[in-house]
Each structure stands twice: as C-alpha cells, then as structure tokens.
Ligand SMILES: Nc1ncnc2c1ncn2[C@@H]1O[C@H](COP(=O)(O)OP(=O)(O)OP(=O)(O)O)[C@@H](O)[C@H]1O
C-alpha cells in the first residue's frame with residue numbers, strides 16, 4: 001500500500017516532469033539558406049540527383065497525361081464516334097496508348113521512389129558521420145554544458161526528420177507542384193473560366209488541409225513525448241533495479257510506471273479520435289469542392305450564353321483530380337517540411353558550433369617529453385566566474401608520483417583535467433618540459449599522456465581490443481607481454497574466452513577488478529611518459545586488491561604520474577602528496593613528512609586507519 005503523501009509526491013513528480021521538459025521548437029519556417037545547404041549534401045551524388053530530377057519531371061507530366069488521354073478517348077472516338085472512320089480501332093489505339101503510358105508511369109515511379117530513398121539515406125549517412133566527427137573533437141566544456149539527450153537527438157530524431165525532408169517532402173512536393181502546373185495548363189486549355197474557379201478554390205483547400213494536419217501532428221507529438229518518457233523511465237528503472245529492490249521500492253515504481261502508462265494511453269486515444277474525425281472531414285472538403293465544380297460546370301453546359309461542351313466537362317473532371325490530389329499531399333508535406341527545417345537548423349547549428357578553444361594557430365608538436373610537469377599559479381573555474389582552483393603551483397620532476405588527496409569537491413579531478421588539457425586555466429600556466437600546454441598541439445600532447453579514469457571506461461569489444469586502444473598498432477604478442485608485465489595475464493586468461501572475451505556494454509561482463517586491470521594494461525601498452533590516474537574507489541576482494549596494487553606500482557614506476565589517490569598504499573609510496581581543500585593546496589610533502597606535520601593529512605590518515 002502506498003500512502004497518500006507518497007501518491008501526492010508521485011503526482012507532483014509526473015506533473016513536474018511534464019512541465020519542466022524543455023521543448024525544442026519542432027517547426028521552423030522554410031529557410032532558403034538551410035534548404036540550399038541541405039542540397040549541398042547531394043552534390044557528391046550529382047548523377048543520381050539529376051536522374052531523380054528527370055524522374056520527377058516525367059512523373060509530373062505523366063499523371064495529368066493519363067487523365068488527358070482518358071478524356072481524349074472519351075471525348076473522341078467514344079462520344080464522337082460518327083466523326084471517326086474506324087472508331088473501334090481508334091478506341092483500341094487509345095487504350096493501348098493509355099496502357100503504355102500507365103506502364104511507363106509506374107516504371108518512373110519505381111525509380112523516383114528508389115532514387116529518393118537512396119538519396120535520403122546517403123545524405124543522412126554523410127550528415128551523421130560529420131556530426132559524429134565534429135562531436136569527437138569538441139572539448140569537455142561543450143559536454144559539460146550540453147545535455148546528452150540533446151546530442152543524441154541531433155544524430156537520431158533530427159537527422160530522421162531531415163531524411164523525411166529529403167526522401168519525401170522535397171521530391172514528392174516537386175512532383176506535386178509540377179503535376180499541378182501541367183494539369184493546370186491542360187485545364188486552362190480546355191476551359192479557362194472553370195479553371196479560374198479551380199484556381200480560386202485551391203488556396204482554401206490547401207489551408208484547410210494544413211490546419212487539419214497541424215492539429216493531427218500536434219496530437220501525435222504529445223503521444224511521442226509520453227512514449228519517450230515511458231521508455232526513459234523504463235530504462236532508468238532497469239538500470240536502477242538493484243537500488244529499487246534494495247530499498248523495496250518495487251510497488252512505488254510499478255505505480256509510477258502505471259500512471260505514465262495511463263497518461264500515454266490517454267494521449268494515444270485522444271490522437272486516434274482526432275484522426276478519426278479529421279481525416280473524413282478532410283475528404284469531405286475535397287468532395288464539397290467537386291460538388292461546387294459540378295454545379296458551376298453544369299450551369300456552364302446548360303447556359304446558352306456559355307455553351308460549354310459536355311465532353312469538356314468530363315475531361316475537366318479527370319484533370320481536376322490530378323490537380324486537387326497534390327494539394328492534399330502538399331498540405332501534409334508542408335508540415336513535414338517545417339519539422340525538417342527545425343531539425344536542419346539544429347543539426348547545422350551543432351555542426352557550426354566551434355569549440356571554445358582549439359589548438360592555437362601554428363601550434364607546435366610537443367617534442368618527446370622527459371616528464372617535467374609544472375602548474376604555475378593556476379586559477380581555474382568551469383564557469384570562469386566561479387573558480388574552483390585558486391593559485392595552484394606545483395612541480396613534478398620526471399618519474400615522480402604525485403598523489404592528490406582531499407575531500408570530495410576539493411579540486412583533485414580539476415587539476416588532472418587541466419594537466420590533460422581537457423580545460424584551459426583562466427590564469428597561470430600548465431607547463432610540460434617547459435612547454436606551455438596551451439601552445440602545443442593537442443594530439444602530440446595526448447599521444448604522450450596516459451589516462452586511467454575512475455569509471456574504467458571500456459568500449460564494447462574484446463578484452464584485447466580494449467587493451468589495444470592504448471596503441472592500436474600493437475601486435476597480439478605485445479598485448480600479451482603487457483599483461484605479463486602487470487602480472488595479470490592469468491586473471492584475464494581465466495575469462496571464458498581469455499583475451500578474446502567480449503567485455504559487453506561498458507565492460508559490464510567483467511568484474512570491477514578485471515576492468516581496472518584492463519585499463520592499466522591499456523595505459524602500459526601506450527607507454528606514456530606522463531600518466532594520469534583517477535584511482536577507482538570501488539572495493540574489490542583482498543586478493544584482487546593486492547594484484548591491483550602491485551600492477552599499479554609497476555604501471556607508475558618510471559613515469560611522471562598524477563594520481564587522485566584513494567588507496568593508502570598509493571599515497572604512502574608517492575613522492576609528493578598534495579592535500580587540497582576548497583581548491584587550494586593546504587599541505588605538501590611526502591607521507592612521512594605530512595604525518596610529522598600533524599595537520600589535515602595526519603588527521604585524514606588517522607580517520608582512514610580507524611575506518
Ligand atoms: N564539470 C563540471 N562543471 C562544473 N563544475 C564542476 C565540474 N566538475 C566539478 N565541478 C566543481 O568543481 C569543484 C571541484 O570538483 P572536482 O571534481 O575537481 O573535485 P574532486 O576533489 O575531484 O572531487 P571527488 O573526490 O568527489 O571526485 C566542485 O565544487 C565541483 O562541484
């Protein structure tokens with residue numbers, strides 16, 4: 001049983017979730033700049049694009065031509081058979097012509113459809129590749145400020161709406177517009193007055209269509225939103241299932257999920273009802289227009305002043321169908337075009353977004369480093385207005401291990417972020433062998449720096465592939481040698497397929513200890529002069545812990561290392577221990593010196609030993 005306050009809190013959280021969902025605009029007016037830029041992506045496929053445009057033109061002519069041919073056969077050898085020497089032969093010829101025209105229309109339709117799909121796929125493929133490459137070189141500050149969901153939706157839903165824009169909207173609309181022009185020309189030729197009536201009706205039909213479709217797509221957008229909330233909650237619940245079970249929150253979560261399901265169900269029913277009402281109304285609109293045309297046409301046939309031939313009226317009705325049907329489609333396409341525009345604007349805005357900083361012009365490659373690292377009077381804040389590191393100065397001699405210790409939030413990770421040049425300091429310098437890291441090329445810097453982060457990030461793939469990330473060109477023997485050097489080959493060889501074992505998503509199929517060892521091997525294989533290590537806090541069994549400690553000692557030896565240290569063993573053997581508090585170094589020295597000092601560090605170690 002859930003209590004009333006719990007229910008109230010749940011309701012509140014659902015309402016808040018609905019209300020605070022910052023929406024991005026889902027439509028944007030047509031913008032010739034965006035359309036031209038999108039067209040640019042078709043340039044590499046110019047031959048395909050041109051064949052496609054030919055298909056578009058052919059199809060636009062073919063459809064009204066079919067109506068025209070039917071009208072011509074009815075008006076000619078059928079109605080006026082007396083005027084024909086051999087009307088049966090003329091009808092047969094007409095039917096044959098119509099059959100051939102219909103066949104060629106469908107052949108063109110096949111290629112129009114196929115090439116448009118291929119073109120859309122090619123454009124989106126290239127765009128996605130470009131976005132991904134762009135994302136890879138954005139600095140950390142970008143990821144800090146941009147929500148992951150937003151980035152993912154640029155590559156997924158925005159690119160999808162662009163695909164619809166290219167595959168459907170663009171070419172279908174082109175066919176529709178051209179078809180209307182061709183049908184219009186035939187109609188104008190047949191009866192100018194009746195055509196002007198049709199012309200006057202078209203904007204009304206188009207607008208009605210658009211309004212109805214807009215209402216429909218608004219209803220389906222709400223459905224989409226509730227669905228994505230549902231899937232997000234599902235994913236979160238499954239990821240957090242251990243916490244749920246641990247805190248016996250199954251009922252509460254099930255109730256929350258049920259409420260979301262209800263909400264989604266209501267939205268679906270509302271959208272379906274609206275569709276059930278609007279679509280028949282839409283059809284009725286077109287039929288009312290045909291009724292109006294019939295009235296005016298009938299009047300013009302009967303009125304002696306106008307004397308419109310009845311054959312022309314029949315002929316006109318066939319063409320009217322070719323003229324009106326694209327209007328219905330265009331109303332919908334227009335809505336989709338606006339969605340594609342919104343997607344295009346966001347995608348291009350992301351692509352145009354320049355990293356806040358890149359390598360300086362003429363950045364020199366960092367020469368092979370010896371491993372002297374210095375931070376000179378560094379002040380830094382993720383938000384420049386709120387520094388989290390204040391006037392930090394430190395020097396690491398080549399080969400030294402520097403342990404960074406301090407309470408959570410004291411600035412340890414921020415220091416290693418600056419050494420790795422994931423961020424730039426607002427004041428002061430980070431110097432490697434005397435070179436300001438700001439002035440050297442990022443690539444040459446990162447090649448000479450090894451990184452082992454707390455999350456022990458593993459990519460999907462095998463253990464071996466994950467180790468090889470450190471040096472992709474390393475041979476299998478070198479990988480094995482690395483694991484031997486760290487004395488952990490036996491642990492990895494014990495995995496179901498040894499080094500060929502798939503690690504699963506984010507390394508989920510390996511134990512925490514195994515994941516750490518794989519990351520150590522990766523760093524050792526790269527053999528960097530400078531190593532940055534955010535020691536994992538996760539506890540492992542004593543035996544594994546000893547293996548990790550000994551592997552770590554081997555990994556650190558001989559390199560300049562910065563370790564955000566959590567193990568007393570690591571801290572004890574460090575050449576320098578820097579104690580941080582509120583972004584300042586408050587104590588420095590080696591373990592024994594700091595113990596002798598009897599200050600903050602000595603207090604921490606005391607607590608640690610007691611804990
Ligand atoms: N990406 C970020 N964006 C904005 N502020 C941040 C970011 N990362 C850290 N901070 C802030 O900077 C300060 C220092 O954080 P930092 O991560 O360097 O501490 P830490 O000592 O490494 O902590 P922990 O031991 O918990 O990892 C904290 O106040 C934190 O809130």
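Cβ atoms here come from the backbone N, Cα and C positions, even for glycine.
TrEMBL: automatically predicted annotations, no manual curation.
The feature domain 'ABC transmembrane type-1' is assigned by TrEMBL to 65-339.
TrEMBL lists 373-607 with the feature domain 'ABC transporter'.
If you look up TrEMBL, you'll see 51-70 (among others) marked as transmembrane segment.
Outside the transmembrane segment (90-109), and at least 6 residues removed from its termini, the chain residues within Cβ reach (under 8 Å) are 55, 58-59, 62-63, 65-66, 69-70, 72-73, 76-78, 84. Positions annotated as transmembrane segment by TrEMBL: 90-109 (among others).
Annotated transmembrane segment per TrEMBL: 169-187 (among others), in sequence order. Note on the transmembrane segment (169-187): residues 52-53, 56-57, 59-61, 63-65, 67-68, 112, 116, 194-195, 198-199, 202, 316, 319-320, 322-323, 326-327, 329-330, 333-334, 336-337, 340 of its chain, located 6 or more positions outside it, place their CB under 8 angstroms from a CB of the stretch.
Feature annotation from TrEMBL assigns transmembrane segment to 193-212 (among others).
Long-range neighbours of the transmembrane segment (277-301) within the same chain, counting only residues 6 or more positions beyond its ends whose Cβ lies under 8 Å from a Cβ of the stretch, are 191, 193-194, 197-198, 201, 205, 208-209, 212, 215-216, 307-310, 313, 316-317, 320, 324, 328. Under the heading transmembrane segment, TrEMBL lists 277-301 (among others).
The annotation transmembrane segment is assigned in TrEMBL to 313-331 (among others).
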